[in-house]
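This report concerns only the one structure given below.
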Amino acid sequence: MTDVSAVVDVPPESADLSGEMVVLVDEAGAAIGVAPKASVHGADTPRHLAFSCYVIDASGRLLVSRRATTKPTFPGVLTNSLCGHPGPGESLPDAVCRRAGSELGLDLAGLPIRLVLPQFSYRAEMNGVVENEACPVFVVTVPDGIPLAPDADEVASVEWMPWADYRDRVLDGSLQVSSWSADQVRQLVALGADPATWPEAPASDLPPAAQPHPAG
């Protein structure tokens with residue numbers, strides 16, 4: 001039986017995607033433009049840059065989130081800790097920190113954000129809405145008991161679940177999660193049993209649109 005603690009339920013509110021821009025990419029991951037997030041998600045979503053992050057506490061538990069039922073894309077779906085989109089010119093680690101703060105009330109300042117699946121990408125559909133993302137995957141280890149304040153526009157609930165339980169139940173199909181997290185878990189198991197020892201990939205392995213640009 002899964003050992004779950006610190007379950008937080010969040011009252012639902014309406015979601016608002018207005019104002020957020022996403023970076024459009026080609027099949028090779030090179031930037032080809034930008035577009036409002038609100039306009040790109042539909043039946044024919046263009047490929048765009050995103051990220052996915054697994055937050056693990058010092059006890060080896062994964063922060064699992066359930067997407068708000070008001071979200072226009074994949075509402076109510078259980079998934080990994082957080083996902084999001086970098087803004088134009090924003091680095092992926094900076095976007096992870098920003099999104100962790102706004103979505104989960106989680107302060108990642110000063111914590112190593114490690115790139116583990118630099119080339120992950122996926123396409124998924126639910127209720128006629130398609131996600132089509134170049135979506136590098138990160139992991140960050142946080143202290144036990146770190147404060148959380150989930151945004152109800154984004155997250156219906158969160159819980160801490162032992163990584164091994166999440167991994168095994170996703171793999172055997174007894175835990176239904178987002179298609180992207182299920183695909184990611186199948187790749188993450190190849191990195192080892194302990195997320196703390198997953199090797200960090202070089203930033204040079206990222207899609208071109210996500211690679212750091214030299215200063216000046």
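Cβ atoms here come from the backbone N, Cα and C positions, even for glycine.
Positions annotated as Mn(2+) binding site by TrEMBL: His41, His48, His85, Glu131, Glu133. Other Cβ atoms within 10 Å of the Cβ of His85 (Mn(2+) binding site) number 20 in total over all chains.
Secondary structure of the domain 'Nudix hydrolase' (46-183) per DSSP (helix as H, G, I; strand as E, B; remaining residues coil): 28 helix, 52 strand, 58 coil. What TrEMBL records for 46-183 is domain 'Nudix hydrolase'.
Long-range Cβ contacts of Cys83 (active site) within its own chain (separation 6+, distance under 8 Å): Ala50, Phe51, Ser52, Cys53, Arg99, Cys135, Trp180. Per TrEMBL, the feature active site maps to Cys83 (among others).
The Mg(2+) binding site annotation in TrEMBL covers Glu103.
Positions annotated as active site by TrEMBL: Glu133 (among others).
Under the heading region 'Disordered', TrEMBL lists 196-216.
Taking DSSP states H, G and I as helix and E and B as strand, the region 'Disordered' (196-216) has 8 helix, 0 strand, 13 coil. Around His48 (Mn(2+) binding site), the same-chain residues at least 6 positions away in sequence with a Cβ under 8 Å from its Cβ are Val22, Val23, Leu24, Val25, Ala35, Val40, His85, Asn132, Glu133, Ala134. Residues near Glu103 (Mg(2+) binding site) in space but far in sequence (CB under 8 A, at least 6 apart, same chain), listed by position: Leu82, Gly84, Pro150, Asp151, Glu154, Val155.
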